Amino acid sequence: MEILVQKGDILEVATDLLVVGAYESELLHDPFTERLNELLGGKMTKMAKAQEFEAKLGQTLIFAAPDKMDMEYVMVVGLGELKSSVVEAARLASGTAVQMAKKMGLRKIAIEFFGEDHEEFSAKNTAEAMTEALLLADYQFNVYKKRKGVSIKEVIIVAEDGRDARSAEKGIEKGRICVDGTTVARDLVNTPGQDMTPTRLAEAAEEISRISGETVKVEIFDRAQVEKMGMGAYLAVAQGADSELKFIHLTYTPTVDYKKTVAVVGKGVTFDSGGLSLKPGSSMETMKCDMAGAATVLGLFTALGRLQPKVAVHGIIAACENMPSGRAIRPGDIVKSANGKTIEILNTDAEGRLTLADALHYAQKFEPDYLVDLATLTGAIVVGLGEEIAGVFSNDNVLSNKLVKAGEETGEDMCALPLHSAYKKLIQSEVADIQNTSTSRYGGSITAALFLSEFINSSQKWAHIDIAGPAFAERPMNSYTGLGGTGFGVRTLIRWIEEL
Ligand code: BES
Ligand code: MG
Ligand code: ZN
């Protein structure tokens, strides 16, 4: 998809589908819709009335363009109320434009450059947000099917005189990079477990390092090396599977002076059958998504090489598959993690926290200023927050606020939840230092986060993001996030890192 900024009168552009936005409160006071209505001899008002179009967020009103105009169709997209997030409204409207054009078999769109240039809603930010949604809405995963969908050829963002077109172009460039990272993550998640093995994840990491040049390096450790490092918890999860485990360590080092180092750990269970504590069939259907945290890390690194932020970043993935077999770990088995703590494994389906325990321990060797992990960790978080919101658990409020705020800016919703230490009693074991499941049926996301906290040094600033809900969409999430892997977290992490 080609995206360009063009100055001029939007009602005079040559295109297939012209898209203008309107706020609820000013449907007919908006300069474009008002003129449009005039050109249509007042028919727009009539149609809006007949179709109950009130410019609510996401609502659309479509009509054939008047003969005088150089386009096929005109669509008005509702931007909702003025006081809501303007950037997100711009994303949602841009996504809707692409979806509608695709549905109608149109290949060219001209879209209003939303907003007005001011600080938080600058031309660069707006163009970036619009680009993200335009490209993400056009995403398709075609690898395994014959019939490929069409994609949009050209989008012209039409800017009024006085708008900062230069900055808009920079925004488009930035948006493209963020989407490329997100697309990498989506593709990795959508690839079925049969192909997306730990080895494939490692190869993807190597590929990213190769195309990123000098700044991104990667190290891959195999079973023997992982054994040497004493990662008994991670090894326990991997031992039931025929696929080889791969421990992946990416590093991005800025070419200039930098002050901060962060480590991002992603859960990389390429398929989660539950192990001997086997999941029921229907719960297993989407479990190829259990490496979504890892996919986010790889998506992030795809972008880092191109954005070159002034922050050093470690990306760490303990990749393996959770399978039942004669070699699989049993409920009741006790293993020793790399930090020396012993763990009683009561349920082999609570495997993510075992792989993460060793990965988090490893990450802290590099003394990062901030340590963040992303994991499709618990079904309980989906019960609590639903399918679109991630939960953030942190021992540092400043860090967690920054992550949540970055999420607000990118439209990836996250909610801070308590790391309630009194619940630690629920994961105390009779026979080991800790057990991998809670003795209570309730608060499962908190006890999972508390389990992880047992592997975090007291001075380490750390946040755990449970993405079990939004990592994989079982129904379309919004106009620019369709079914399947969402790439959740890539854009938020980029934003957070750039603002450190
Ligand atoms: N991978 C799952 C969590 C999950 C659930 C991810 C739904 C995405 C969607 C995780 O490994 C798991 O099985 N967790 C168990 C933990 C339980 C056994 C304590 C769960 O949530 O049921
Ligand atoms: Mg599991
Ligand atoms: Zn899992």
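Heads up, the Cβ atoms here are built off N, Cα and C, so glycines get one too.
TrEMBL has this to say about the protein:
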type: ACT_SITE; residues: Lys279; note: active site
type: ACT_SITE; residues: Arg353; note: active site
type: BINDING; residues: Lys267, Asp272, Asp290, Glu351; note: Mn(2+) 2 binding site
type: BINDING; residues: Asp272, Asp349, Glu351; note: Mn(2+) 1 binding site
type: DOMAIN; residues: 347-354; note: domain 'Cytosol aminopeptidase'
Roughly how many angstrom lie between the C-alpha atoms of Lys267 (Mn(2+) 2 binding site) and Arg353 (active site)?
9
Cα separation, Asp272 (Mn(2+) 2 binding site) to Asp349 (Mn(2+) 1 binding site) (Å, whole number):
8
Counting by DSSP secondary structure, give me helix, strand and coil numbers for the domain 'Cytosol aminopeptidase' (347-354).
3 helix, 0 strand, 5 coil
Looking only at Asp290, Glu351, which of these binding-site residues has the biggest number of Cβ atoms within 10 Å around its Cβ?
Glu351
Where Asp272 (Mn(2+) 2 binding site) falls in three-state DSSP terms:
strand
Around the Mn(2+) 2 site formed by Lys267, Asp272, Asp290, Glu351, which additional residues qualify by having Cβ within 8 Å of the site's Cβ center?
Val237, Gly268, Val269, Met287, Met291, Asn322, Gly352, Thr355, Ala375, Thr376, Leu377
Annotated recorded positions Lys267, Asp272, Lys279, Asp290, Asp349, Arg353, filtered by Cβ under 6 Å to ligand 1:
Asp272, Asp290, Asp349
DSSP secondary structure for Asp290 (Mn(2+) 2 binding site), reduced to helix/strand/coil, please.
helix
The domain 'Cytosol aminopeptidase' (347-354): mean pLDDT?
99
Checking the recorded positions Lys267, Asp272, Lys279, Arg353: which ones have Cβ within under 6 Å of ligand 3?
Asp272
